[in-house]
Amino acid sequence: MVVVDMLMVLCGTTVATLLGRLYYNSGGNCKWMATLTQSGGAPLLLIPLLTAPPPTPEEHRPAASRMLPIYAGIGVLIGFDNLMYSYALQYLPVSTFSLVAATQLGFNAVTSRFLNAQRFTALIANSVAVLTFSAALLGVGGSSDDSSSSTVPHGKYAAGFALVLAASALFALIMSLFEVTFEKAIRARTLRWVLAMQMNTNLVASAVSVAGLMASGEWRKVPAEMAAFRDGKARYVMTLVGTAVAWQAAAVGVVRLIARVSSLFANVTATLALPLVPVFAVVLFGDRMTGIKVVAMLMAVWGFLSYVYQHYLDGRRAGKAECRVCAARAGSDAVLPA
């Protein structure tokens, strides 16, 4: 099941990011609409939620009065995090966007240390440092990307870079808050609670997006944007719906990994998808694969592998400790009188 969750995250993140860039490339320009697609597919989760196994009598059931503020708080954070990602995805080539977004693993290592008591080892520190340098390399040497594509606004590279960094940091905080909620408030890690957390927080995020869409007046531009969209109105709707479904698939996989393993492991899986996106972006959108991007991609993979190796070592230690406990129990049982 962990492998299935990882595939959902990898495929969902890759498809959603590429479709999000396709929306802008094809004439889309509504930031709040792009933000809404990242959480607007939440009602689809009602179908698996209704078919999920019912709670057992022994399962802890937190009071609604305790969960509602959690849903509202995390949902608002998700809404503004999605907005920052929407702006950044328009201001940066998708290849640069994805590589800078890999810093979310570094931010999550920090938030997991303070909020989830995650052990901070030398390998994890190396992972954080390498991902930070990877993003810094793009920030210093990526100005040539500012004019590499006619679909990217000129002069917006610095703003896009800062926005994707801020969004990555906020996303890391959100994932750690999810883990704290499962540990302290829900105290159950069932499929029903995973879907409930994802659906309710995303419904709040969708409400934030709809409010922003109305308050900004962008909703008036949607009919004209749909009519001017490349390849017609049907492609416009399909792009937005496909983006919404892909983000929900990725988000459910992330939340399930948080419930099954940890927020840091879920973020590592999401980070694994980020080096894949630039390769597709070069083929689909004609992004330039410069030497700086290649080095940054290799550094991102290096940072990812550092954490994976640390996880492997932790697994081996846990297995050896369990074997020693089993052996000690077997020895004590052997000397018991009949």
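The count begins at 1 with the first shown residue.
Cβ from N, Cα, C; glycine included.
All TrEMBL annotations are machine predictions without curation.
Because the structure is a prediction, the values reported are computed rather than measured.
In TrEMBL this protein carries:
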- 1-16: signal peptide (SIGNAL)
- 6-24: transmembrane segment (TRANSMEM)
- 91-110: transmembrane segment (TRANSMEM)
- 122-141: transmembrane segment (TRANSMEM)
- 161-182: transmembrane segment (TRANSMEM)
- 194-216: transmembrane segment (TRANSMEM)
- 236-257: transmembrane segment (TRANSMEM)
- 264-285: transmembrane segment (TRANSMEM)
- 291-309: transmembrane segment (TRANSMEM)
Criterion met for the transmembrane segment (6-24) and the transmembrane segment (236-257) (at least three Cβ pairs under 8 Å): yes
Intrachain neighbours beyond the transmembrane segment (236-257), with Cβ under 8 angstroms and 6 or more residues off its ends: 1-2, 4-9, 11-13, 15-16, 19-20, 22-23, 26, 28, 33-34, 37-42, 44-45, 175, 178, 191, 194-195, 197-198, 202, 225-226, 229, 265-266, 269-270
